[in-house]
Protein chains: 2
Amino acid sequence: MKLNEHFSDLQDSYLFSTIAHKVAAYQQEHPEKEIIRLGIGDVTLPLCDAVVQAMHRAVDEMGRKESFHGYGPEQGYDFVKEALQGYYAKRGVVLDLQEIFVSDGAKSDVGNILDLFSSENTVLIPDPVYPVYVDTNLMAGRKIVYLDANEQNGFLPLPDPSIKADIIYLCSPNNPTGAVYSRDQLKAWVDYARECGAVILFDAAYEAFLSDPALPRSIFEIEGAKECAIEFCSLSKTAGFTGTRCGYTVVPLALEQEGVSLNKLWLRRQTTKFNGVPYIVQRGAEAVFTEQGQRQIHKAIDYYRENARMIAGALREMGIWFTGGENSPYIWLKCPGGLSSWEYFDRLLTEANVVGTPGAGFGKNGEGFFRLTAFGDRDSTAEAVSRLKKLSLSN
Amino acid sequence: MKLNEHFSDLQDSYLFSTIAHKVAAYQQEHPEKEIIRLGIGDVTLPLCDAVVQAMHRAVDEMGRKESFHGYGPEQGYDFVKEALQGYYAKRGVVLDLQEIFVSDGAKSDVGNILDLFSSENTVLIPDPVYPVYVDTNLMAGRKIVYLDANEQNGFLPLPDPSIKADIIYLCSPNNPTGAVYSRDQLKAWVDYARECGAVILFDAAYEAFLSDPALPRSIFEIEGAKECAIEFCSLSKTAGFTGTRCGYTVVPLALEQEGVSLNKLWLRRQTTKFNGVPYIVQRGAEAVFTEQGQRQIHKAIDYYRENARMIAGALREMGIWFTGGENSPYIWLKCPGGLSSWEYFDRLLTEANVVGTPGAGFGKNGEGFFRLTAFGDRDSTAEAVSRLKKLSLSN
């Protein structure tokens, strides 16, 4: 039997394990120091009450013969799809129920969607980037072209007409940079994709953090996007579902290539290789979109937003350049004093006892930058901010 | 952008939709008839109390900040892996925790495991078969060689040394035939796989239905299997998890190809393209393996077993040849009177008002055979059996 040779093209990521080792070593030497972690990309607030109650009811249903649920539709129950249809309608995006696929998360779908495409395609990926886009394509042996995101373009690169791409990854609000595309910028991407017959894989996992109504929450708010884009979203950050697992993917019926419907291909892929999301979790997801659920999850989102505002405010005071911090739970800052990502990491750890994520871990353009997140505890975040301010680093 | 051209090699399966249409049409013409469905492959008994209580506790944990769980390990929490380790140990199979991967079901893993292999491999698949094995390989453009399972070999084909295979699918107890490989037969497969350097993908989804202690429940009970096999299993039929979604895959550390560990490749695949099973579901899965959970799920399994015994007994009385019916929830019978699968389906529907699944839907060797399942209600199954007996069909 022959193995997939492309696995050898993958690089092992030591980013988070290196961070863990450095933190553990420092803590061992200085057991008295209280270290604050602003590096995590995971939520910390619990599931809201509406979700908890819905899941209790669903567990009870599963325990009684007359209300038990066995196999459900692979693409999700209509009650979740209708809730999502309503959610999109609020921002003027009209979706057919068939266009919505409920899944166990954006990470799975962003990887699995590649089953639909030939390995011959050229993939355009911004750098810095969420590593899953890169690794899933390397595994399949696809050619990757990187697109420079940097201080000059505000980490929001626009299409380069001289580059021919087939599959384009966009994430807005962005992980790791927190930068957000405007409507006009996304329109430029949609026009470019249609021009070169490419598909845009749009990761909207952080859309719930947008507070500026002028910014697009879905690529389908842009004219022409239904002919060229697939959108991935998730309840992970929206409703604290990182350990509960529910996302959704929108594959428009209008998205075709040489008469073949990508919606039909994805349905075939999912019915063949996936068995749907647990009934209990789908009832929890449905509850997120009730009036009560929306009120409750927005309390949590506002909590994280306030953390982001505090961090952004401190950086502004200190004259440090950054993206994100509003409309995003991420803050992407330029390391002060001309430090490299890892130098700044070490200084922050040893002098302020604050842990963040070195930007270099997200690609070559991340060197010299650093990611902080707003998912921490309020008091710890406030304390971290005051320590950051005291840290004397020349800019 | 270029699509994956291999999707056009897939055939649309109209099996279950054709059945549904025929049943609906008959029912409309004869609204007074009470139709009994023995075609379903889905469980009907609810989750057991131990699982329900464990999930209620887990939902509460998720609703409190101090006990909330965000991202878990992609390969599953140790508490589930330890429970599975203990479950395997009972039948003498010693597993390292690293060898166990918790997933959302055998269907996903059986498909996703193919990411590890080159598309150049030749795949050996028995016919008749669970269609997912075929479709997932067609999607990836692999060459499939079919292996005849038939009345002569009791639907338990053995290796043919003249055929060179790289990837071999085995399912025992089998879906759709209910046939079960003995230890010696599985040993022949393990020896053959090691001889030709092939990997066996062993689907053990129905192992919990085995009651004969002489029959192997895991391929790892066979000497040498850890060097050539991956095992997939699921709580779907074992504990009624078809709508709750939890399975597990064992990739032995000893399984290597040219020095590359398949266990490491699978870990890399899962950490890149999967985010783990919901915490709540994993707590439910853990409860399945407690003493109380085992007692409760075995009550349900015994219920289905008794259904199978009733159907098998009737067929024996009628002199109809079949496989399965013990050690399996499936009964695979030779259509009486020399009828084709669909002819028998029509007779059964219109004359006995019983619905089953035509064997022809599972591959060419299924023609002339028919699948009944034991997952129905006891009273309906008893009534169906008495109708079957009254149906006058010459054998």
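Cβ from N, Cα, C; glycine included.
The model shown is predicted, which means the values in this text are computed figures rather than measured ones.
Listed in TrEMBL for this protein:
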- B:Y14, B:G41, B:K107, B:Y130, B:N175, B:N275, B:R371: substrate binding site (BINDING)
- B:34-388: domain 'Aminotransferase class I/classII large' (DOMAIN)
- B:Y71, B:A106, B:K107, B:Y130, B:N175, B:Y206, B:S234, B:L235, B:S236, B:R245, B:N275: pyridoxal 5'-phosphate binding site (BINDING)
- B:K237: N6-(pyridoxal phosphate)lysine (MOD_RES)
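What TrEMBL annotates, mapped onto the structure for a quick look.
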residue	record	DSSP class
B:Y14	substrate binding site	coil
B:G41	substrate binding site	coil
B:Y71	pyridoxal 5'-phosphate binding site	coil
B:K107	substrate binding site	helix
B:Y130	substrate binding site	coil
B:N175	substrate binding site	coil
B:S236	pyridoxal 5'-phosphate binding site	coil
B:N275	substrate binding site	coil
B:R371	substrate binding site	strand
Least buried by Cβ count (within 10 Å) of the binding-site residues B:Y14, B:Y71, B:Y130: B:Y14
B:S234 (pyridoxal 5'-phosphate binding site) versus B:K107 (substrate binding site) - Cα distance in angstrom: 9
Of B:Y14, B:Y71, B:K107, B:Y130, B:S234, B:R371, chain A-adjacent binding-site residues (C-beta under 8 angstroms): B:Y71, B:K107
Distance check against B:G41 (substrate binding site) for the recorded positions B:Y71, B:S234, B:K237, keeping those with Cα within 10 Å: B:K237
Pairwise Cα distance maximum in Å, pyridoxal 5'-phosphate-binding residues per record: B:Y71, B:A106, B:K107, B:Y130, B:N175, B:Y206, B:S234, B:L235, B:S236, B:R245, B:N275: 34
Among the substrate-binding set B:Y14, B:G41, B:K107, B:Y130, B:N175, B:N275, B:R371, as the record gives it, the longest Cα-Cα distance in Å: 36
Residues that sit under 8 angstroms from B:N175 (substrate binding site) by C-beta distance, when 6+ apart in the chain: B:G41, B:Y130, B:D203, B:A205, B:Y206, B:Y330
Cβ neighbours within the same chain of B:S234 (pyridoxal 5'-phosphate binding site) - under 8 Å, at least six residues apart: B:G105, B:A106, B:K107, B:A205, B:F241, B:C246, B:G247, B:Y248
Inter-residue Cα distance where the pair is B:K237 (N6-(pyridoxal phosphate)lysine) and B:Y71 (pyridoxal 5'-phosphate binding site), in Å: 27
Other CB atoms, at most 10 A from the CB of B:K107 (substrate binding site): 27
Proximal residue to the residue listed as 'N6-(pyridoxal phosphate)lysine' among binding-site residues B:Y14, B:N275, B:R371 (C-alpha distance): B:R371
Packing count at B:N275 (substrate binding site) (other Cβ atoms within 10 Å of its Cβ): 23
Distance [Cα-Cα, Å, rounded] between B:R371 (substrate binding site) and B:S236 (pyridoxal 5'-phosphate binding site): 19
Separation of alpha carbons, B:S236 (pyridoxal 5'-phosphate binding site) and B:N275 (substrate binding site) (Å): 20
